[in-house]
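Marked as compositional bias 'Polar residues' by TrEMBL: 58-67. Positions annotated as compositional bias 'Basic and acidic residues' by TrEMBL: 68-77. The domain 'Phosphoribosyltransferase' feature in TrEMBL is assigned to 111-234. Taken from TrEMBL, the feature region 'Disordered' applies to 1-27, 58-77.
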């Protein structure tokens, strides 16, 4: 799955540009740390995700799933301006033409160097899922392994790695999914989860949605209820959200 987009970059931010800000990446925020900025000419932009719609105190275990979804759609614009999102967005570097020409690669490694932005990312997910009675956090290889374990520890859930073929040593079950050219598989240890458990599936980014969808299907095959999928970044226009169907998806930052 390519972690970039070949689509034109044309989004507008809801945040006004600060004085003397670097308009290359992103155009509306001043970088808080000093990772390498995108080369001149880079046009990829990161904006606050419109899916970040629910204030943490509204996520109570007593709220039904249908009401939870309705609340997200009814949230006011004030809830869309958490300053932590700006810090996260500004810490993500965009690298043009990687891993091949035309791709605007969303590089989270610079965000991991910014301890405040990294902590903000984990905190936002923890606040959202702490009271959702989640017993499994399933991390998608490989960047889901970065965010999944600290979230799982904070909410009292176990962490289950979802891996590419021939990576797990024990008996596995697998789910095949299609790529642009060919197919791949997602695997999970037999016995890692039990029917009836509630799971969060997490990765750093959703593009076309192939790996994320395979992870969800793998869990559902063994009777696990996938409460939600979560990513730091969503690449708009690549229809990954559509591929998930009616399964809910929560993201912090949009990339266009």
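Just so you know, the numbers here start at 1 and follow the chain as drawn.
Cβ atoms are placed via backbone N, Cα and C, with glycine included.
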- Note on the structure: Confidence over the domain 'Phosphoribosyltransferase' (111-234), expressed as mean pLDDT on the 0 to 100 scale, is 97
- Secondary structure content of the domain 'Phosphoribosyltransferase' (111-234), with strand meaning DSSP E or B: 42 helix, 44 strand, 38 coil
